[in-house]
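Lifted from TrEMBL, the feature list:
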type     : residues  : note
COMPBIAS : 1501-1510 : compositional bias 'Low complexity'
COMPBIAS : 1511-1523 : compositional bias 'Basic and acidic residues'
COMPBIAS : 1524-1540 : compositional bias 'Low complexity'
COMPBIAS : 1555-1570 : compositional bias 'Polar residues'
COMPBIAS : 1578-1601 : compositional bias 'Low complexity'
DOMAIN   : 557-673   : domain 'NWD1/2-like winged helix-turn-helix'
REGION   : 1492-1601 : region 'Disordered'
REPEAT   : 900-941   : repeat 'WD'
REPEAT   : 984-1025  : repeat 'WD'
REPEAT   : 1150-1184 : repeat 'WD'
REPEAT   : 1193-1234 : repeat 'WD'
REPEAT   : 1328-1366 : repeat 'WD'
Amino acid sequence: MNRKKSTQALLAAPLLTANESHVDSGKMENNARTLVLVFPSLEEFAIEREAIRKHVIPEIQQFCCGRDIDLECISFFEDSIDYTQFRYLLELAKQPNVTVLCFVGDKYGDSALPLELRTEEYNGIRAAALELSKDVKLLEKHYVIEKTRDKTEYRLRGPFPDVETINRLKEVVQKGVKRAHDDGTIHQINEDRHARFFYSFLEEVVSNLLENSSNHLFATRRFNGYSSAGIPNKWVDTKEFYEKVSALKNRISVKAGEKNSLPFILDMQNTDPAKWFKTKDADKYEQQLITKINERLKDLLNLPAHTISYHYYSASPMELAQREHSTATKFASDISAKFWSSREGLDRKIEELVSKIEQQSESVYFQLYGGTGCGKTVLLTRLYEMLEKKEKFHVLIRYATLTDSSLFANELLRNVFLKVCDLARTNPVGMMGSFHMGSILSNLKTLTETLDKPVIVLIDDIHLLKFGKSLSRLEKPLKKLFPKLSFIFTANSQTPLSCFPGPEFIEIPNLNREQVLDILKKQNQDNLGADQGGTLRQQIKKAGSNIILHEIQYEDLLEGYTEPSPDFDSRLARIENELGAENVKIVCQLLCCLPYGITSLELVDGFRLLKRLPSGSGDESSDFLSPLPYLILRRLGRAIIPVFTDNRKVWIFRHALVAQSFRQRYLPSTVEVRLANETLGDLLGSMPSSEDETDPVASNLVFPHPLNKEHGAVNLRRARFHWYFLLHAGKIEELKMSCLICFDYVEAIFRGCGLARLLSIFEETSQQILDHDILVLFEQILLPSIVTLIRDKDQFVSELINRLRYTRAKNSAHLNGMVEQAMLWADIYNKGPLLVPLTCWISPPKMKQVVSFTIAQWKSSKTVIQPTPNHQHLLIAGNDLAPGQIYMYHIASQLLVKTFSGHTDRVSSISTSHDSLFFASTSYDGTIRLWSFQQADSVKLLKPTSARIYCSLISSDDKWLVTGGADSTARVISLDNGNVLRAFREHTGPVVALQLSSNNELLITGSGDFVVNVYDIVSSQIVVKMSGLMAPVTCLAITSNDAFLAVACEDETLKVFSMVSSQELHELSGHEGRINALAASNDDCHLFAATKGRVTCYDIHNGQLLEFLECANPAAVTSLKITDDNSFVLAACQDRVHIWHMNSMENHGIENNKSTLSCIRMAPDEKGAACGTEDGILAFWDLEICQCLWTTSQQKSGRVTTVDFTADSMHVLSGSAQGTISLWEASNGTLVKTFNVHDDEVRAICCFSDGTRVVSCDKSDVTHIWSLSYLEEMNQVEILSSVSGIRAPMFLRINDSMLIGHSSKSPKEMNIWAIAENKLTVKTKVYHNEEILCCSVNRSGTTLVTGSLDQSLKTWQIDTGFLTQVLVGHEDVVNCCCVSDDGKMVASAGRDKIIVWATATGTILRSIVTKAIVCAVEITQDNTVIVAADESGWIEAYNSETSRLMSSFHTHRKITDLRISSDANRILAKLAGTAQLPILCLHNTPALRSERHQRMNRIQSASSSTSNFSEEQRQEQLQRQEENATTSNDTSTAVTTTTPVPNPNGSAIAEPPENKTSPKPSVTFSTETKTIPEVETNSSSQPSQPSKPNPIKKSSMCLML
């Protein structure tokens, strides 16, 4: 961003002074402190200097970093300082937030020249110098009046050519002062002021610091017991000067006091200091020095005790909008014109505009436009001030690209309208949930209807706004503006925003010369003399009305230069001459990197990184924490301006013209751009390392930048810009690993910068690079998660885990690593309860076409494309308008990067080298050209034939090239010398297609003679000749494993051959028309065929048609490529290029709509769960490791209607639609027995606690109590008793003595049945006035609660059957209810709310309003947590005492049933229309765990497939499996699939090795993704391993990872 602060506003800001980087920012706090270190000399305080560098500064930096304070460190040495630095030091010491640590030893130092002379002092010295015949001209040259300052003072001005000149000037001044003082010429001067002419550097600094010593610290050192015999050395001075420095120490002690002074007296015992500093006493002194200085500095730096307001753990959208608002309004205030220079015609238009806004009741839309430097920005700012003073409107101003959040139109407008909500005090919920431009404008319409007064939005430079394809673009713009809403924009031309209707345009004319001069004079109070004014007038006449340049020229004249810089380059050259060309270059390069500005700390640390010495520290360098970058920043003057953002001041270029000049001078090449960005990327990623001695934080005193600071606050500078620097440095892998595919980093952006900023970052990155991982995370994870995150931002980690783990088998290592990071983050999350998924079931949306663009000025019937090896650029040829040219486009931005010219006829093929250094092209002109990607001219020309060349391939070692041409010959050509190594002439028709085997040994050629030949390249012999084709060959494709060869012919046939047997495997069908191009995926699974207007995707193994990829043009697709990383498919169709994502090509097989869950149940010990499906699949889950241990099919018995566990949780019973009930071992899924109990569908099963009996009922309302004993007859069952009239569900409670069930006679009734000697008798009737809709029995079996259509609930004492309470309070039907274990609390839900009741009194304890109809509710065993599920798919956990929502989770499907463990550590949900079983954990649950349900504190991570079984348990289960394997059950119709028990080494036998990780003390996550369709799994989801059959059949309870 290059802020255009033109016309009169440019000079409104004061000149940059030495302390400009430390000035107070007004109302906005500046979170920066400066620590200045002052040493008399480098060698005198070498020990102290090293102690400060190694121990003090790192600790103080960490101390500041944790409090979100930037600490800038600068050091000054008397023996290396010049007078520019001297002045800067003294000015710096007077600024707030600056602390000076000054060391004073036993050396006084040389005298220093005074920096200012009063007029009378100057005149007196000059007169005395004339009398003494001293060099008066030297005095006149170096002491001058600066017109920008006090005109009664003469200021010292350098530079000085050498030390001798300084000494001569000292002599002139000191002798002149002494003579003038003795003569009484300077009679008004006092003794203290007179003495200052003879001060040393040290005393001058100390005297200035003592004027206000409260922020400063003095460390004085005195050697006791050491004498140099009056001979000065590096430790002590002569007696005269020793007395002076002793007096100076006394002054410090008196004036500074104990708080601001640290005296150190070292007992030398007549030892030379050089030897003493090697003793243990010196070590004690050093440690004492470090400790005391650290303590005092922490007090003096005045740091806040905690992080600042908006750096809380998480920032809200309103806080983020306020942050943007504060930055923009502060910037407007800073650049507003203090003196307005009249522009008659323009001023009149502006007044008319303001008048029209005031008088017009309807909305207005104006756009001010004009050329560069015409004053658009300052004019808009003036309009803002004028309208704000009216107090009739809400006025907001924004500057496009002033901050990173004002780059994309949707994000900028969203923040603007959120601020409007705040100003108008309207509900911002709708706008907070809007991220897409369409949604923002839709909510804006609602917002305008509630405004208390009109809103006017002013936006500068709208032509700089970006419109991302995912969030910013609208199909149709607004037809008219909404009421009470007006816009005033500025732009370079009459180009309105595409989302709004057409505006009224007002042209801003360019400034003329007189206006420029008038503006400069007014803003600078006409400080120029007549001669200087004339010089400036001449410059304006020469250069025109470029006010930016003229301001800099004005600055030159004010600084005393007789000739101002004629252009920006001259000004920069002048600064380079003063401060060093390399130094200035580094600073300016860093300033050019980030358009949103960098802080002075970042600039200085970046400077130090680039200036870093080979040793890594530069211990003996006088450049230790040099002030040089600050001086350069100061000298840049009006070229840069400050912007306050994030409580920091950043420096940006004042105008695009300035930025352009700087970039052209200092970043002329891509290499330099990358180096500068890489430096800042390294800087923001810097963390101290104890292992790396060259670590920049430890060795070069670079400020640390941890991602999270104290209290979890986000480091906003790193979160907002680290990715940006890595992206522009071209470090894509590091960008992914450290930033955009790193969960901690992405989560920090989301938390600290908001979801809108996170989406914009991915949008911007997608416009810069084409990357599979970034697209997946953006389009398949973040965008689909918006709806969930709007409602609950704490679900960020859960959404990412659930969606990414679903595609784990296809994910890259980066994406799977991100899943691991997210799960670890969830493990250690301690901010509160958090619902986390332990299995995955949310499938990401299909991502197909990612890029599609039209090539400008293109006409071709045979376009040729070839992606570069990193697939960031695309080489395109075949344009009929320029047939011999090759164009290189940047894919993400669709911009033309380079044109390669050389061929004289149509380019027929392009091949890139495998080392990414060059590419080769062939042409109809019979030539081959080799090109470097870096230059437009070919590096080598080869002419092996005069015939047309149709196709080519480069060998994998890049040593030779194969071509096929019209002369029926395939040639192998050396790329080194162009010699033809082999020529294959067996074809009788043109060679139109070529393929090479992976080892470069076999060459496959396809020809128009109906033949495909396979050659051995070494022997030049035909290995295989495929001559059975019925038409000319059009194209070939071979898989990377050399197993399959695809051949397409002119007769529209497409056949797949085995490369081993040369036999035809299958002919592919489904495409229409001639196939023009083929491409095989790198995983050897997919084959793509290009025809007319579409690309057809096949499974190359079975020939199944998978997908049609449609093109925009109905013409033939002539070129087809797959990127090297197998992520994208590229196709060229005339002037159109299409790119699809490979993940969209999937074999979904035949969908089984019946494969949905029918029932779920949690085991009594809460360590396992069982579920059944509509198509007869039963599955058992281990809830401790969250893995499906086994699945079984009972399809002959129909769907699984109900499941239950025996009391000891060792067995599972499943009921079927045929009336049978099966008994299974829970440990391994072995079918124990099938019982033919019922003649109709089984509806409910309840196991008695004695483990020998079961009660079950069926669809006919027949209930049996039967025995589990094993009879001789396999299917025989012992019925103990039967009864009719009981309808499911049933509850068996109180030591198996009571059975509760619905009455089949009336939906208004239930019965409590007494059980005695296996006989059922009705004990009590439970009734309501209307139908009973829900019921619940507590775990202890003492209380029954029923809910009815009559809007009431009733509680019943089960043992007596008494009605104990009627609960009335719902305003609608009661959908669900639950009673606590102790019977004291009931939770119920209607259509409108959840009510918590006290059963003893019937009073309402809590009422919780819900957002959807609640379909299930549960209470934890200790009554602290209520878990509810609604029909929209949300599961929510509430604190029962406060009604506070603790956490929520979106399952993305309707929930029909919910089961929780006693402490909510495991939650099961039955989802409608799916066979997937969600298992969740309420992490950090406040519920207490009973001894009966005690489980492990933490369970291993989701990435681990190991269990937490003991060795004895492992051996026991293995032994049981072996025993079960020896028995067979021939009468069983079940097919059981068992996941093996983990081995003693901790890895599951059936798990792939990449999923092995060590257990983590954490929430349990499942790595199993299982489906339960018709027992057989979908093999195409693992296409990369066709030859590796899985010995274990995966069930469909969750998805294949």
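Each Cβ is built from the backbone N, Cα and C atoms, and glycine gets one as well.
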The domain 'NWD1/2-like winged helix-turn-helix' (557-673): DSSP-derived helix, strand, coil residue counts: 64 helix, 14 strand, 39 coil
Tally of DSSP helical, extended and coil residues in the repeat 'WD' (1193-1234): 3 helix, 23 strand, 16 coil
The repeat 'WD' (1150-1184) versus listed stretches 900-941, 984-1025, 1193-1234, 1328-1366: most Cβ pairs under 8 Å: 1193-1234
Long-range neighbours of the repeat 'WD' (900-941), counting only residues six or more past its ends (CB under 8 A): 862, 864-870, 875, 877-878, 883-888, 947-954, 956-958, 961, 963, 965, 973, 975, 978
PLDDT averaged over the residues of the repeat 'WD' (1328-1366): 93
DSSP-derived helix, strand and coil totals, residue by residue, for the repeat 'WD' (1328-1366): 0 helix, 23 strand, 16 coil
Helix, strand and coil counts within the repeat 'WD' (900-941) (DSSP): 0 helix, 22 strand, 20 coil
Secondary structure tally of the repeat 'WD' (1150-1184) (DSSP, helix then strand then coil): 0 helix, 18 strand, 17 coil
